[in-house]
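**Student:** So that we are looking at the same thing, I have put the structure below in structure tokens.
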Amino acid sequence: MKMRAGYCIFILLVSLTLFGIVDVCNAGKLSYKFYKRTCPRAEQIVKEIIQNRTQSSPSLGARLIRMQFHDCFVRGCDASVLLDTVNNSTAEKEAIPNSSLSGFDVIDDVKTAIERVCPKVVSCADILALAARDAVSAPFSKPLWDVQLGRRDGMVSLATETNGNLPSPFANFTSLIQLFNRKGLDVNDLVVLSGAHTIGVAHCATFSSRLYNFTGKGDADPSLDPTYAEALRKQCPNPASPTITVEMDPTSSLSFDNHYYDILLQKKGLFGSDAALLTNRNSRKIVTRLQRSRSSFFPAFAKSVKKMGAIEVLTGNAGEVRQNCRVVNP
């Protein structure tokens, strides 16, 4: 054991001196203390910047947790969603489902700050995972979940790969669970991670089909509360305006809690994919359980977001550690 520790320290020092790479003894796996030796201030730097930004932008948590979700479901959690389009290769962020993502500037700021202290060490994928956690946690003054680190950054980003990999707001339960299963997630993860819809807003086009002529008879989706549907029609005229947004969780879009499950059982889930969670017996049971116990939602979310954050991660020598999150290294 002592010999291995000594070997690790020796290799680490040589690696840092010659190449500026991460701790080789943690290579190939995620760890809660991955940067303990190579960049011990990494998590604190992320936390300080995110806390500062959330003071002026309280919706940052919703924006960054959505960004992480969209990153992990396409090519795994490799920060490919952060890459800009190069030449004729349209990047993920330009795909229609990602066109409303925002917060890239925040990730840029964090990366710049960390590069000053620990150049070529901390990946953009890890920064996104930490930033999303810290932005959602900001109102609580404590981290709501622990983040395993050690991801490497991908070198490919293709808009076409979002097709079939990102859940549609119009999806039924069968489509949703098949997609989540392909990512190594189960029905519990589907329901729990959907709880992130308790914060943030959505553009009218993502749900307006539920408001107008849903069955071809000029009616609304019968699975949507009629009074709520009427209120939504007043906010979202037909055809849908690309500039209008609506709270996903009415009256609670800035509070990360289990209120989403309250509105879901009141038939006020905004998306068709929200309502779909009530069409399956098992998922409906989970919805009811989370609605009844606020305290059970937080540990459940912590467990599921940890699983999501480990989807198809690149570790060890795979990928790279980008110096600029928007472009692959030269």
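Here the Cβ of each residue, glycine as well, is placed from N, Cα and C on the backbone.
Curation does not apply to TrEMBL; its annotations are automatic.
Here TrEMBL flags 1-27 as signal peptide. What TrEMBL records for 29-329 is domain 'Plant heme peroxidase family profile'. What TrEMBL records for CYS39-CYS118, CYS72-CYS77, CYS124-CYS325, CYS204-CYS236 is disulfide bond. Annotation comment: TrEMBL describes PRO167 as substrate binding site. Annotation source TrEMBL lists heme b binding site at HIS197.
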**Student:** Please average pLDDT over the domain 'Plant heme peroxidase family profile' (29-329) for the predicted structure.
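**Tutor:** A mean pLDDT of 96 is what the predicted model shows over the domain 'Plant heme peroxidase family profile' (29-329).
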**Student:** Report the same-chain neighbours of CYS325 (disulfide bond): residues 6+ apart in sequence with Cβ closer than 8 Å to its Cβ, ordered by sequence.
**Tutor:** ALA79, LEU82, LEU83, PHE104, ILE107, ASP108, LYS111, CYS124, ILE127, ASP153
**Student:** Taking only the Cα atoms, work out how far CYS72 (disulfide bond) lies from the residue listed as 'substrate binding site', in Å, as a whole number.
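**Tutor:** The separation of the Cα atoms works out to 12 Å.
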**Student:** Same chain only, sequence gap of 6 or more: which residues have a CB within under 8 Å of the CB of PRO167 (substrate binding site)?
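**Tutor:** Non-local contacts for PRO167 (substrate binding site): PHE73, SER175, LEU176, LEU179, PHE180, SER273.
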**Student:** Could you state the whole-number distance in Å separating the C-alpha atoms of CYS204 (disulfide bond) and CYS77 (disulfide bond)?
**Tutor:** 28
